[in-house]
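Feature annotations, courtesy of TrEMBL:
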- 93: active site, nucleophile (ACT_SITE)
- 93, 150, 222, 226: substrate binding site (BINDING)
- 150: active site, proton donor (ACT_SITE)
Ligand code: GLY
């Protein structure tokens, strides 16, 4: 087996080659899923995944200094911001859309309009906070009491907004939501719920809902990945040890339940039930978790963080050697075998743009990238 130093450099060289081609193949599309034909779709830009392709472009620009990446990424925060005054579907996931566009653009170029766009999105996210239940509500329509684990990753937009504006209110909202997550979402064994429904009037927690996981008491792997990464970020922004303890608990559960090849099944507890038909993986959960584990290793330092660093390396090596499209130049995605929403039979065993983004992000971190997006 090759030593990881060699693999780390090899992965980056392949990413540079691959994303150069993706730039031509994807261009201004808003990609979400690529199926068997290897072609990314082009979704409406208020869909929660629209930030990942521009985020990947900004990251590549930051790492390589090559202008075509910047030029392709440049207008995305403007395009997204035009929708505020039109009918749109923006929700708890605006962090996924404005951190990899407006906020990183401001960080890398100093563009003041980009910062204003980021602050507008942060105000929208903070406005979704329900003080009775201390949660940021998920989705729109009549789901006024729903809160989901994915929101943990969006809290970085609020912490950034407090730092940028000098107003601590955004960070207070993020902290209170994270406290609620530690209380209601993270179980003692380190597995997490996907959805908790509250009574939106009284704030009382009513029930857990399976959502994109197999069942209310199961362990959706991507939810665990969002949780371990988001809790680590929240620790980094606040310095509070209870967030770090919860992040480690989730990370330990995640690592302990990885199959032989280090890439998670879509739900760790669906394994036994689906064994006969063959259970599918979710490579995106692996990529997200790997990037989050690198953060966890970083905040814990060389000795306490070593196990998390090694787990991230194990996942990335496997994604690189067994799940990549390196030998198929016409394939527009990087990773195969992602699973979007198994219970709805939607986007099962496909390529997902957020899997590609977080794989690139994790490998970039290993190769010295310091400008975090999340
Ligand atoms: N944020 C939705 C998902 O992870 O599928």
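Quick reminder: no glycine exception, Cβ is built from N, Cα and C everywhere.
Annotations in TrEMBL come from automatic prediction, not curation.
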Rounded to the nearest angstrom, how far is the Cα of residue 93 (active site, nucleophile) from the Cα of residue 226 (substrate binding site)?
12
Given the recorded substrate site (93, 150, 222, 226), which additional residues of the same chain have their Cβ within 8 Å of the Cβ centre, ordered by sequence?
96, 148, 149, 151, 152, 153, 223
Would you kindly give the Cα-Cα distance separating residue 150 (substrate binding site) and residue 93 (active site, nucleophile), rounded to the nearest Å?
8
For residue 93 (active site, nucleophile): DSSP state (helix, strand, coil):
coil
To see if you understand the setup: which same-chain residues, six or more apart in sequence, place their Cβ under 8 Å from that of residue 222 (substrate binding site)?
212, 266, 282, 284, 285, 288
If you count Cβ atoms within 10 Å of the Cβ of residue 150 (substrate binding site), leaving out that atom itself, what do you get?
23
